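Visitor: Below is one structure. I have some questions about it.
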Amino acid sequence: MPKFRTRLYKTDRARDFEHEQDRHVRMRQIYDTIDRQSYQWIVVFVAGVGFFLDGYTLFASNMALPMVAYVYWRDETSSMKLTYINIATLAGTLLGQVLFGYLADRNGRKKMYGVELVLMIASTLGVVMSSTGEHQSMNVFAWLIWWRILVGVGVGADYPLSAVITSEFAPTKHRARMMATVFFMQPLGQIAGNLVSLIVVAVSKKQGYDDLTRTVDIMWRWVVGIGVIPGVVATVFRFAIPESPRFIFEVEDDPVKAEFDATTLFNEPTSTLSPSFEIDSWHHLPVPAVSLAAQSISDSRSLSQTEFLQPATLNSHWDLTRRDIIQYFWTEGNWRTLAATSLSWLLLDFGFYGIGLSSPQFLAKTWDSLNIHGRVPPWQTDDSPDADIYKMFLNSSTHALVILNSGSFLGGLALILVIHRLDRAALQKYGFLALAAHFIALGTMFITVHKEGPVAIALYIIGQALFNFGPNATTYILPAELFPTRYRASCHGISAGAGKLGSILVQIFSAYYNFGTGVGDDPTIRHGWVLIVFSACMILGAAVTHFWIPAVQMKVAHGKGKEKLWGGKPETLERLALGRLGRSSQYAVSQVSYSTGVQSFRMDRDGGFG
């Protein structure tokens, strides 16, 4: 694998890094090496292919599960089995996000990266092979629950790993656009899932109607199973990518290896400090230093014998880790940032996924083509005597492609083009408010007009575009920027897990709140009220963002008539790692003390004191 990695990343040489013994000079060499680079397509590709598979896997199941219901629970009018499968997938996703986020901070990004993809591929194949066995010897529902939990773990693990690896390898000026591009691979995966479903159903239709159960059983296995192909391709690249230089330097405390990985990944020539780098810049550049152990340097001549410990990490003794967690999150107030990234993601997923857009019956109703009377199986969108099962599945994919995927694609693409010019925290806040207004408008239309159709379709497409242009992407990007390297993956995993908790809660809520099923109830009117109620989640998300999420870009002076959405130059990850107190944090204070001592020591060494 090292030889393959050498060819892949053009690392055909090793360098002697022992010429510079000063740890902090070497740190600047590492970060300068990263920041000098252009847009890193190879990093985006490696992270993005996995996210493509995530989108495909989750969305293909929306098309496949009605087929599963047709094969195994054809006459059941309750959708509870499908709901339980979805909840199992979401629960696995939550577990994967939190667990692998923690493991990535403890064991390293590289060790975890690729493992989750192998898990996703293996569990997807497990889903494909699920069956009732010979003479009903197995329970297909139980197998689907089990394998979908594991699929969810693999999907969830990819969230913190892809986000953190992209942010840590990205040059500061390209960080936002690289992360937006990785996230854009998710709607592309969703589109691929729909297209594959359309192709599989169209091809299967040629087999006729002689044995529909067998044909549909083959169909859903193809729809789900094809997703492993991009996963296999991505696995090769993921095992080849080097460890994040930031993790090696700041957590493993191995500056030589960190510099080697940074320079070889980017194919840099022998690095030297940039001409603008001076010792005084240490006063303005935060680097890791243990606030608990560092002390002021009173005797500059003893600096070379002074040991400065790294911050406590998740690999440290628990007592040190606990004290550092209390210091960073509680004493310095950074728990509010973690609470904000988590709450905003939870509110977004609870409110948006509560609409139930992925349901084939809901899509058919929005399309104004729903033709059912009373309670019917969840796979059925037409109960007329001449209803065609192939046509129903084709229509479901077509409806999803137009209503869901077109808006997601346009919103994600637009974000890639302009995100480097926008204030990301402000974009999230105003995105929440735009979604709230959109929900209220759509709900009011349903309550007053009582009708779906072209107008509703257009509004849902706009809603999907707003969703992916704003909070859906920024809730993914911001947690990978706001926290220090030693906690970055864990905090991203916790934030993403909170979002999935919102999805689980709303699935449970929706399962027991079947609007439009009472005598005299108009489902369109009741759905309108649900939209208005869920708009409150968007307003709360905007409030949380406004009050608790710090800016990740430098402030710019907004002249008269200029929008506050316009963003300034992005902050470096080292600066953002200081948290809410910034240069007043103990990490920054200890660094100023250290760099002052370094300067005094070198002046004394070079005869600067006379």
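In case you wondered, yes, glycine gets a Cβ from its N, Cα and C as well.
Remember, it's a predicted structure, so these values are computed and weren't measured experimentally.
According to TrEMBL:
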{"type": "TRANSMEM", "residues": "41-64", "note": "transmembrane segment"}
{"type": "DOMAIN", "residues": "43-553", "note": "domain 'Major facilitator superfamily (MFS) profile'"}
{"type": "TRANSMEM", "residues": "84-103", "note": "transmembrane segment"}
{"type": "TRANSMEM", "residues": "115-133", "note": "transmembrane segment"}
{"type": "TRANSMEM", "residues": "145-166", "note": "transmembrane segment"}
{"type": "TRANSMEM", "residues": "178-202", "note": "transmembrane segment"}
{"type": "TRANSMEM", "residues": "222-241", "note": "transmembrane segment"}
{"type": "TRANSMEM", "residues": "337-355", "note": "transmembrane segment"}
{"type": "TRANSMEM", "residues": "400-418", "note": "transmembrane segment"}
{"type": "TRANSMEM", "residues": "430-449", "note": "transmembrane segment"}
{"type": "TRANSMEM", "residues": "455-478", "note": "transmembrane segment"}
{"type": "TRANSMEM", "residues": "498-515", "note": "transmembrane segment"}
{"type": "TRANSMEM", "residues": "527-549", "note": "transmembrane segment"}
Visitor: Restricting to the same chain and to residues at least six past its boundaries, which positions have a Cβ under 8 Å from a Cβ of the transmembrane segment (178-202)?
Guide: 39-40, 43-44, 47-49, 51-60, 62-64, 162-163, 166-167, 170, 219, 222-223, 226-227, 390, 393-394, 397-398, 400-401, 404-405, 408-409, 412-413, 415-416, 419, 468, 473, 476-477, 480
Visitor: When you scan the chain for residues with a C-beta under 8 Å from the transmembrane segment (430-449), skipping those not six or more beyond its ends, what do you find?
Guide: 344, 348, 351-352, 455-456, 459-460, 462-463, 466-467, 469-471, 474, 524-525, 527-532, 534-536, 538-539, 541-542, 545, 565
Visitor: For the transmembrane segment (145-166), which recorded stretch in the set 41-64, 115-133, 337-355, 400-418 gives the largest number of Cβ pairs separated by under 8 Å?
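Guide: The stretch with the most close Cβ contacts to the transmembrane segment (145-166) is 115-133.
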Visitor: Between the stretches 41-64, 337-355, 455-478, which wins on the count of C-beta pairs under 8 angstroms to the transmembrane segment (527-549)?
Guide: 337-355
Visitor: What residues elsewhere in the chain lie close to the transmembrane segment (115-133), defined as a C-beta under 8 angstroms and at least 6 residues from its ends?
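Guide: Residues 50, 53-54, 57, 72, 96, 100, 139-140, 143-144, 146-148, 150-151, 153-155, 157-158, 161, 221, 224-225, 227-228, 231-232, 234-235, 238 contact the transmembrane segment (115-133) from elsewhere in the chain.
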Visitor: Need one number: mean pLDDT over the domain 'Major facilitator superfamily (MFS) profile' (43-553).
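Guide: Mean pLDDT for the domain 'Major facilitator superfamily (MFS) profile' (43-553): 82.
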Visitor: Taking residues 6+ outside the transmembrane segment (400-418), which of them lie with a CB under 8 Å of any CB in it?
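Guide: 59, 62-63, 177, 180-181, 183-184, 186-188, 190-191, 194-195, 198, 357-358, 363, 366-367, 457, 460-470, 473.
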